[in-house]
Amino acid sequence: SFEGRVEVYHDGKWGTICDDQWDDRDAEVVCRQLGLSGNPKALSWAHYGQGSGPILLDEVQCSGNELSLDQCKKSDWGQQNCDHIEDAGVSCDPFTVLSFPFSLLAEGTVRLAGGRSPSEGRVEVYYNGDWGTVCDDGWTDLGAQVVCRQLGFR
């Protein structure tokens, strides 16, 4: 419900968006337009599967402050040079709280990112004002159990 292939409705039909120039600023606008908060991530190369029908938008370049994709710089509707293998996707991860100032996050706070559900994903740690990943050198089930407990999973 918070991630998938991005499709737009224009001129009576649904279509996809090509991932040329697709980035997290574009994802931020999509999440805002859908009324979703969290950590917007742009995904490319048909990460959520290839669509069918027309590819309606290409070269989308949002600043990240727009209220809808229609306000972003982009090619004209239907003007594109892509195949569906380049369909754009977005994750609006609601389990990452961005509504708080980062200064309220404690050093060592953990989150999961990029998973298919809230209980799986890449382990990220908040440190020195930024999120970073955890290297898997020496990573064991014990480390995974600690992270799961920190996140409230049993």
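Just so you know, glycine gets a Cβ as well, placed from its N, Cα and C.
CYS18 (disulfide bond) is surrounded by 24 other CB atoms, counting those within 10 A of its CB over all protein chains shown. Annotated disulfide bond per TrEMBL: CYS18-CYS82 (among others), in sequence order.
A C-beta separation below 8 Å, combined with a sequence spacing of at least six in one chain, links CYS92 (disulfide bond) to PHE2, GLU3, ALA27, VAL30, CYS31, LEU34, LEU36, SER37, GLY38, ASN39, PRO40. Look at TrEMBL and you will find CYS31-CYS92 (among others) tagged as disulfide bond.
Residues or ranges marked as disulfide bond in TrEMBL: CYS62-CYS72 (among others). Cβ neighbours within 10 Å of CYS72 (disulfide bond), excluding its own Cβ and spanning all shown chains: 20.
Looking only at the domain 'SRCR' (1-93), the predicted model's pLDDT averages out at 90. Annotation comment: TrEMBL describes 1-93 (among others) as domain 'SRCR'.
According to TrEMBL, the feature domain 'SRCR' maps to 110-154 (among others).
Secondary structure of the domain 'SRCR' (110-154) per DSSP (helix as H, G, I; strand as E, B; remaining residues coil): 10 helix, 14 strand, 21 coil.
Neighbour list (CYS82 (disulfide bond), Cβ cut-off 8 Å, at least 6 residues apart, same chain): CYS18, ASP19, ASP20, ILE55, ASP58.
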